[in-house]
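Structure first, commentary second.
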């Protein structure tokens, strides 16, 4: 069985042999599946230890029938994450196709029109974030279905749009609907996943952004090679409906979130779901009672957000600790969209053209490679966050991005001023290295870190603030980028060099470490005088005995 003892600021990082002997003795003397600390049972707990719970639970087989079914349905929900990735690479790629530029007269209307086509997605994202309360009103499946259905309809509108205003309107609707689905999807995954594997399930979700990116770039690359006329850019717009369409069909075959069911009084239905998917159908497994008890207690204390209470925002900032949490949530939202990454995602062909890559096919092929390298980096980074820690990963990534962009700026300047082909090659290489460095640390944590630092009663509203903040950052970035790249060229990269250095300093001095801590431990961290220092204090290890 596994004995869990949580953080103690008064206990050494490496427990002594005496303390290990205590753990072994304690484990041998109890066969309880869960012991909760009360005022009457402290005599056997070492001085300085403040455990929230002592859990001794044998893990269900992760490859049992219930778990295999769980992984399959999570794979379906993962497809929601492809929508943003598909759109980012789709628009960046078709923007390089002359037929698209000519049809909507974008070449003569200037960079501002191109920026609006891109940035309207962020405006729709901010609007959609105001409707996340639907997740608590109708459950998780309904907004996932409705959002994906809206994306299907929006894809049709953009694919047949006869003029630029219709095209922009379709993109707004697409972003609005996809935001509702992409907020509900990670909520569903966190709540349906077994507690032992929640981190892996949540972290892998956002890495499928790159799957959507790869699908888009491959489609456009093939269409540009083998199709002529306007169909070469309209076909990828039609195909944008495939992944959300699959989710629309399949979402009704997955169970509802057990947390939402318990909140609505449907406890027996929730128990059946937990029993099958978390305990492989073993109704007597301790995890069933533990999860049912914890969810019930949590909902008794916090309740569920409704349309009446959703816009009461006092819970976000009524104490210094809550304001600190909200600040970290908003900072992560802004940094995740404003580190230079959106430029590469949306405007990679323009960046490549600036360093001498003028062939559309070559630009599209490099777009595919960029997405593939990002997916590999993001997937491996999801695991490393639980090994290295959030603060070190994010700080190191910001420093690495600053170095990469400094080299890109220098080599791009050398190519533009002197025509040095070696500088052109170096610039391309470091654009790709920049994407890897960003994806390795930021991609998997973008939806996870804010959820970790927000308290239980802040989380739904805080994630709406996260979406709005990310939308604002993305709007500023994508609207300004084409104008800046056209007028100040490589000096735009220099701006992000200094900004990424600022991000590194901000993360180092203010971000808390969440690796290895329960959400309950984070409550104690934020009540401390210095949350950052408290978060880096030693944690008592988990022992399997």
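From the backbone N, Cα and C atoms, a Cβ is placed for every residue, glycine too.
Automatic, uncurated: that is what TrEMBL annotation is.
According to TrEMBL, the feature domain 'Major facilitator superfamily (MFS) profile' maps to 73-517.
The transmembrane segment annotation in TrEMBL covers 69-86 (among others).
According to TrEMBL, the transmembrane segment annotation covers 116-135 (among others).
With a cut-off of 8 Å between Cβ atoms, the residues of this chain six or more beyond the transmembrane segment (142-162) that come close are 77, 80, 83, 132, 134-135, 169-171, 173-174, 176-185, 188, 234, 237-238, 240-241, 244-245, 247-248, 251-252. Here TrEMBL flags 142-162 (among others) as transmembrane segment.
The list of residues near the transmembrane segment (168-190) in space but at least 6 beyond its ends in sequence, with Cβ under 8 angstroms from a Cβ of it, reads 74, 77-78, 80-81, 83-84, 87, 116-117, 120-125, 127-129, 131-132, 134-135, 140-141, 143-144, 146-151, 153-155, 157-158, 161, 198, 201-202, 205-206, 240, 244, 247, 257, 447, 451, 463-464, 467. Per TrEMBL, transmembrane segment is recorded for 168-190 (among others).
Marked as transmembrane segment by TrEMBL: 202-223 (among others).
The annotation transmembrane segment is assigned in TrEMBL to 235-254 (among others).
If you look up TrEMBL, you'll see 324-344 (among others) marked as transmembrane segment. Residues 88, 316-317, 351, 370, 394, 398, 401, 405, 431, 434-435, 438, 442, 445-446, 449-450, 453-455, 458, 462-463, 465-467, 469-470, 472-474, 476-478, 481, 485, 492-493, 496, 499-500, 503, 506-507, 510-512, 526, 531 of the same chain lie 6+ residues outside the transmembrane segment (324-344) yet bring a C-beta within less than 8 angstroms of a C-beta in it.
Long-range contacts of the transmembrane segment (364-382) within the same chain: residues 85, 89, 92-93, 96, 200, 203-204, 206-207, 209-211, 213-214, 217-218, 220-221, 224, 344, 348-349, 352, 357, 393, 428, 431-432, 435-441, 443-444, each at least 6 residues beyond the stretch ends and with a Cβ under 8 Å from a Cβ of the stretch. Marked as transmembrane segment by TrEMBL: 364-382 (among others).
According to TrEMBL, the transmembrane segment annotation covers 394-413 (among others).
Annotated transmembrane segment per TrEMBL: 425-443 (among others), in sequence order.
Sequence annotations record features per position, and here TrEMBL assigns transmembrane segment to 464-484 (among others).
Panel annotation: around the transmembrane segment (490-512), residues 327-328, 331, 335, 338-340, 343, 354, 390-391, 394-395, 398-399, 401-402, 405-406, 408-410, 412-413, 416, 453, 481, 484, 522, 525-526, 531-532, 534-535 of the same chain, lying at least six beyond its termini, place a Cβ under 8 Å from a Cβ of the stretch. Feature annotation from TrEMBL assigns transmembrane segment to 490-512 (among others).
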How about long-range neighbours of the transmembrane segment (116-135): same chain, 6 or more residues beyond its ends, C-beta under 8 Å?
87, 91, 95, 106, 142-143, 146, 164, 167-168, 171-180, 183-184, 187, 260, 305-307, 310, 346, 460, 463-465, 467-468, 470-475, 478-479, 481-482
Grab the pLDDT values for the domain 'Major facilitator superfamily (MFS) profile' (73-517) and give me their mean, rounded.
87
Can you say which of 69-86, 202-223, 464-484 has the most Cβ pairs under 8 Å with the transmembrane segment (425-443)?
202-223
